[in-house]
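Listed features, source TrEMBL:
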- 12-33: transmembrane segment (TRANSMEM)
- 45-63: transmembrane segment (TRANSMEM)
- 83-102: transmembrane segment (TRANSMEM)
- 129-146: transmembrane segment (TRANSMEM)
- 131-220: domain 'CAAX prenyl protease 2/Lysostaphin resistance protein A-like' (DOMAIN)
- 158-179: transmembrane segment (TRANSMEM)
- 185-203: transmembrane segment (TRANSMEM)
- 212-231: transmembrane segment (TRANSMEM)
Amino acid sequence: MEKQEKVGIGLYILRALKFVFWLVLYLVAISIPQAYLLQSTAPEMIYLLIASIAIILVSLFFWWKFSHAYPNNIRPLSKKDIIIDILIYVGLVLVKTAYGYLMEAMGSGGESTANDQALAMMLGTNPNIWVLILFIIMTVVAAPIIEEVIFRGYLRNYFFAKKSVILPMIISALLFSSFHLSADIFSFLLYAAMGAILYYAYYRNNNLNDAILVHFFNNFPAVIFIIYSTLFA
């Protein structure tokens, strides 16, 4: 069972420092391979392989630490859970579709977000298989695990009561959006809406694996589209 702690100002400060630590660790872990992909015109296989393994290990470390700190928040998913997560993902797709229509109505042509454009830049113009593997690991494996652990799991358990819903959902959504590139208020609100939906996926059954799965559902087709556009556009 998870311990119920009496929270004072000192404990809040300690938790805030721990939260910042997890954020910094994530940014460092993800920024190094990103910088290498952006700056290198011919990435070497050995460095890409090392980066891929390192990102996987960091992701597993985040998941393992959270599951040991809050074991009741990490549980296997049932078939019913997976079906519900698929429905939540469908809702997320509808939100993104509405965003696309809004951008078209405003004369932006439904362009991709700045975050998606930055992801495409990492691939370069002619990525090799190892670049593609690292890119997929970073976006489809690492991002869903680590971002859900930080922006949903640790945020809620460090700072909010279990029954609190609206405030942690709003803060989680705003933080999540802040860490994704936004060229305008509309794309910021899009990522905030995505963050709120992912928070609901976690809160619904108090199981972070739900949010991780929905996040995976969201990232996987987007990444495949970016790869396809880069290779065949």
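Note that Cβ sites are derived from N, Cα and C of the backbone, with glycine treated the same way.
With DSSP states grouped into helix (H, G, I), strand (E, B) and coil, the domain 'CAAX prenyl protease 2/Lysostaphin resistance protein A-like' (131-220) comes out at 76 helix, 0 strand, 14 coil. Ranked by the number of CB pairs under 8 Å to the transmembrane segment (185-203), the listed stretches 45-63, 129-146, 212-231 are led by 212-231.
Note on the domain 'CAAX prenyl protease 2/Lysostaphin resistance protein A-like' (131-220): mean pLDDT across this stretch is 95. Two recorded stretches are said to be in contact when at least 3 C-beta pairs lie under 8 angstroms, sequence spacing 6 or more; the transmembrane segment (12-33) and the transmembrane segment (129-146) meet this definition.
Three or more CB pairs closer than 8 A are found between the transmembrane segment (45-63) and the transmembrane segment (129-146), so contact between the two stretches is assigned (pairs 6 or more residues apart).
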